[in-house]
Amino acid sequence: MGIRGLAKLIEEVAPAAVSKRLIQHYCNKVIAIDASVMLYQFITTITSGDGTALANSSGEVTSHLVGLLAKVIRLAEAGIKPIFVFDGKPPEDKQGELEKRRQAREAAELEQQKAEEEGNLERAKQLSRRTVKVTQQHCKQAERLLDTLGIPYVVAAGEAEAQCVAMAKERVCEGVASSDLDVLAFGSPCLIRNLAQGGDREIVEINLNTVLKELGFSYDEFLDLCILCGCDYANSLEGIGPKTAYKLIVKHRSIEEVLAADQGKLAEKALNWPYVRARELFKNPAVIDPKEIKKTLKWKPVNRGEAMQFLVEEMEFDRETTEKKLDKLVAARKKPKQCTIDSFFSPRSSNPEVTKTKVKQ
């Protein structure tokens with residue numbers, strides 16, 4: 001779910017924090033990429049004519065590998081050094097959200113079957129995307145492909161987003177690429193959306209310190225805004241959308257004060273609402289020490305033999321097409337990169353600061 005409505009809210013009340021970038025802006029930079037979200041996007045968007053994911057003759061899904069190979073090539077062509085980060089074990093507090101997602105997938109599967117029986121193929125195609133789940137097998141296959149391509153990856157202790165952010169705070173990387181606004185709630189100094197997506201989609205960068213400055217919020221106040229909007233660890237309260245949440249935090253500065261000022265109405269709705277635990281999970285998530293990750297971080301040459309064995313012999317990719325793609329990747333890595341001037345500047349301060357600027361009304 002991410003943070004409900006946060007992207008649109010930031011565009012409206014803190015537009016200076018949002019920048020449109022060319023991919024060349026990230027030349028020579030190390031970027032942590034939320035791999036779990038990325039694989040889901042590949043499986044739901046790289047599809048056959050009927051809307052189902054690409055698969056080999058054994059029925060094994062291959063869309064995630066097609067997408068991952070293409071993304072690695074595009075990043076290499078732009079001179080970007082990626083670190084892919086996969087989800088580890090989700091916190092127990094997220095089980096409710098995961099159960100809701102499971103139920104939603106099952107409901108979508110039933111609707112899809114009904115649409116197919118009624119001959120409504122377009123509706124069935126739309127519903128097929130809602131039935132997708134990224135499995136451990138998908139992740140292991142992606143990790144194996146990255147191994148053959150010489151690209152480093154990390155399996156997080158918990159949430160991939162939290163691990164990415166911990167790495168950004170310790171300057172192991174210079175930004176976090178994800179579509180999920182949770183990254184800002186975890187405190188990432190820089191969120192990059194649509195990185196190397198292909199097509200005409202603009203890369204959007206959101207700078208957290210600028211968000212805080214524009215809003216006149218401390219990080220703690222911003223985090224309370226995120227929780228009040230609704231997140232994976234705590235659903236939003238009935239009747240409170242992103243704009244209302246923003247106005248309440250502007251006025252009261254914390255969730256406790258919001259509840260206390262409402263003469264018991266919200267407090268009643270908030271009974272058993274785990275906002276305190278949500279704060280703890282965002283501020284102190286389970287992560288691997290970024291300093292330990294940095295010690296072993298290495299980009300290696302492509303192992304063409306292993307890549308061909310996996311993609312062509314095992315996953316049934318077309319041999320000629322795969323050879324050409326690997327040639328393209330090797331050439332991209334060797335070619336000197338033309339970087340934009342601003343790509344050489346250091347990233348801004350990695351820790352959100354308490355700001356004292358005037359609050360926007």
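Every residue gets a Cβ built from N, Cα and C, even glycine.
Confidence across the region 'N-domain' (1-105), taken as the mean pLDDT and rounded to a whole number, stands at 89. The feature region 'N-domain' is assigned by Swiss-Prot to 1-105.
All protein chains included, GLU159 (Mg(2+) 1 binding site) registers 27 other Cβ atoms within 10 Å of its own Cβ. Feature annotation from Swiss-Prot assigns Mg(2+) 1 binding site to ASP34, ASP87, GLU159, GLU161.
If you look up Swiss-Prot, you'll see 123-252 marked as region 'I-domain'.
All protein chains shown were included, and the count of other CB atoms within 10 Å of the CB of ASP232 (DNA binding site) stands at 25. Look at Swiss-Prot and you will find GLU159, GLY230, ASP232 tagged as DNA binding site.
Of all Cβ atoms in the protein chains displayed, 24 besides its own lie within 10 Å of the Cβ of ASP180 (Mg(2+) 2 binding site). Among the features that Swiss-Prot reports, Mg(2+) 2 binding site is placed at ASP180, ASP182, ASP232, with the record citing sequence analysis.
According to Swiss-Prot, the feature region 'Interaction with PCNA' maps to 337-345, an assignment based on sequence analysis.
Residues or ranges marked as region 'Disordered' in Swiss-Prot: 341-361.
Annotation source Swiss-Prot lists compositional bias 'Polar residues' at 341-354.
The binding-site residues listed here are ASP34, ASP87, GLU161, ASP182; among them, GLU161 has the most other Cβ atoms within 10 Å of its own Cβ. The DSSP secondary structure for GLU159 (Mg(2+) 1 binding site) is coil. Broken down by DSSP into helix, strand and coil, the region 'N-domain' (1-105) contains 55 helix, 19 strand, 31 coil.
Cα spacing between GLU159 (Mg(2+) 1 binding site) and ASP180 (Mg(2+) 2 binding site): 12 Å, rounded to the nearest whole number. Rounded to a whole number, the C-alpha distance linking ASP232 (DNA binding site) with ASP182 (Mg(2+) 2 binding site) is 9 angstrom.
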